[in-house]
């Protein structure tokens, strides 16, 4: 019956929307590189020693605990406190375990063993009872206060030691990183208690799903504090994102706000981290061996030799993090590197005058210095590029000042090099070094090893090639390409007109090589100059390589840089680079950046259909099918123009002042614009997806009601259609009071769920009764016609109570079907706090604070009344016309205020339901 009310064209449209949504979802959940993280293993059995907390603290936080991580002999030795190392506190995230500390703790322990425990770190971990803080924000403040107490407890464990720490380093995974930042907002918290903060896959900008106001309020408090007090905050902070593999927390949310006067914060995607170069999912970021090794190397370089603790020098901390996480020069970190190096000893000096040079080193017995005179090259070329496949940490390239054939001292240019997976490379602009007379490449004496060193001089314009990307609406049908004919080692492909998050492309690099016997490696690096989100692709040439190109962060308005595809190539190969739009990845970006707003668009579509049903009942006296009204009423032009108009008017001072006087919240579209998340036509796409979801959701709920009614009939044969309609039955007030008490004493979401189940049972009972009536009509049509006439006679008579006919029952079922759809989404949006409450039931019987309690107090009596409401009882209501007009502005309100604040959406749902219930009395 539901499908019969939809024509084939609309059905085809809904199927197309499902296909497009599936493409987008596939790109988000499967359209990324395979997991290239190596697993980190423990060499000895991991042990977690519970740290005894003060009794008052343990009583105040019964669900939380503090542990010290250890293995083998280290764990045995440190069971007897106090401790002597450097404290690091690990904070797990949403549903995270304190045992996730084991990967980084074990690697740190192995590193300490390598240096005979000259320095070592003590890794602590907090047990938050795996709370779902990303879904329910009511416990975030409690977690923050507990962490503050843990820090004070940890520092007490080092009292009396010669090098006792005065602060701790914190590693926060997911929401644990946000809790760490929130410490600074506590009244009695001293900022000096934290010397370093590293967050992994932490959504700093906004919550992934704003499902209750406690989460958004917590975010607002933390971010506002960090922005307003940026000059006073000197805490060095590093945020590491997982890249496109992390579909739980998109990387754009992990970037700390860039403030001109706050330079101690860094944000980077794991695919751009040197020696890591992989994308991680939300869980693997805590055990990815490549990333944890990088983190531990940074920790050991941060140690101050005098205090044997992490340095208090903010410049050194930032230098170390830049060295390990941003740009690695293939040298060990030095706080004050010696720029001038001695080039003495028994070495060969070989002059090189050609512009392109290659040297293959194998079993060299003598050190060799190759010198490149720059005077003649400056006249012809603008840049020099050198690379070496020997990935040791020794200096390898120098600049000589006023030299002839050899020099005793040279400027160490190795610090300006960049480490890549298979080479270390250096590009210099010659005019930046006017005092250099020679470039010197050093080849050490080696035995049994083979490596290659290349250098070439070039003009910038011959290696910088512009490639305009294809248009968004080309749908991959057209492409643009460039061919690299010259035999260079390095190219910059400038991707023009690429800087928005809704753009997505596939780049194909085809390499053809001549006379190549050995395997050659090429590196293609996508470089995004306005954020550290680079990604590398390694290709064995000749080959065809496909690279996905899309952004985590949109290009700022005042930024004029161009995204680059840096190609480290082979001089024996020719390369063809083709770019075309990827429609599936564009849909993936829509889902990735705006998928969380879909429930608001679904409910907006259902509200429009609901309003249409109420109006058809008022005007025509009967209620149309849900699917028919969805096709007729759920149109984007009824909603989007109003939101766009309000956004436009808010640009005027007088309208903004009026808006503020009315105490209206900020428009969600403005919030999204501030986060550079406004796609062209994104609201239209989401509205179509929402309407499609509302349609298929309606089909599912209608089918479910029919199946449940069949089950009902199989188990218990119900009575016929009710002869007398009673809005307030004898047991209704008792049920309402009981459910309100349940809401008050336990959890509002639990009471809402019970109310929803009660309402569904009433609808299923009505459906079963109607089925029995129709079956009896088929068996005895004369009796049924008499019953129908009798029912109509009673319905027309004012002297008798309202009687329910079969047509009225069908109308009522259509209306109830729409209400069930609205309630289903309301229950789903309230479900996170219910899950949190159930999970913590052994600690707390009453959820506090409870985001759903106010909603429950209104929804419970409303739904109790609607369960006994039939269309025949409200047809003549004076309030019906007004009620039918309310869903349209509420549908606009849902999009305007609920797309980025989902917890507001139920507030727009209960208003028309309440008016619908009141129609019984007015």
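Just so you know, glycine gets a Cβ as well, placed from its N, Cα and C.
No curator has checked TrEMBL annotations; they are predicted automatically.
Remember, it's a predicted structure, so these values are computed and weren't measured experimentally.
Quick look at what TrEMBL annotates:
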- 83-301: domain 'GPI inositol-deacylase PGAP1-like alpha/beta' (DOMAIN)
- 597-921: domain 'GPI inositol-deacylase transmembrane' (DOMAIN)
- 12-32: transmembrane segment (TRANSMEM)
- 598-618: transmembrane segment (TRANSMEM)
- 667-689: transmembrane segment (TRANSMEM)
- 735-759: transmembrane segment (TRANSMEM)
- 819-839: transmembrane segment (TRANSMEM)
- 851-870: transmembrane segment (TRANSMEM)
- 890-915: transmembrane segment (TRANSMEM)
Counting Cβ pairs closer than 8 Å, which of 667-689, 819-839, 890-915 has the most of them with the transmembrane segment (598-618)?
890-915
Other than its close neighbours in sequence, what residues sit by the transmembrane segment (12-32), given a CB gap under 8 Å and a spacing of at least six beyond its ends?
6, 243-245, 247, 279, 548, 583-585, 587-592, 595, 688-689, 691-692, 695-696
What parts of the chain pack near the transmembrane segment (890-915), using Cβ distances under 8 Å and only residues at least 6 beyond its ends?
206, 209-213, 216, 596-597, 599-601, 603-605, 607-608, 610-611, 614, 638-640, 642-643, 646, 665, 667-669, 671-672, 683, 686-687, 819, 822-823, 825-826, 829-830, 851, 855, 858-859, 862-863, 866, 879, 882-883
Same-chain Cβ contacts of the transmembrane segment (667-689) under 8 Å, 6 or more residues past its ends?
17, 20-21, 205-206, 252, 472, 501-502, 553-554, 556, 589-590, 593-594, 597-598, 601, 604-605, 636, 639-640, 643-644, 646-647, 650, 895-901
Is the transmembrane segment (819-839) packed against any residues at least 6 beyond its ends, judged by a Cβ distance under 8 Å, and which are they?
129-132, 135-136, 138-139, 211-212, 599, 602-603, 606-607, 610, 626, 694, 697-698, 701, 705, 746-750, 752-753, 756, 759-760, 763, 847, 850-852, 855, 859, 863, 866, 902-903, 905-906, 909-910, 913, 916
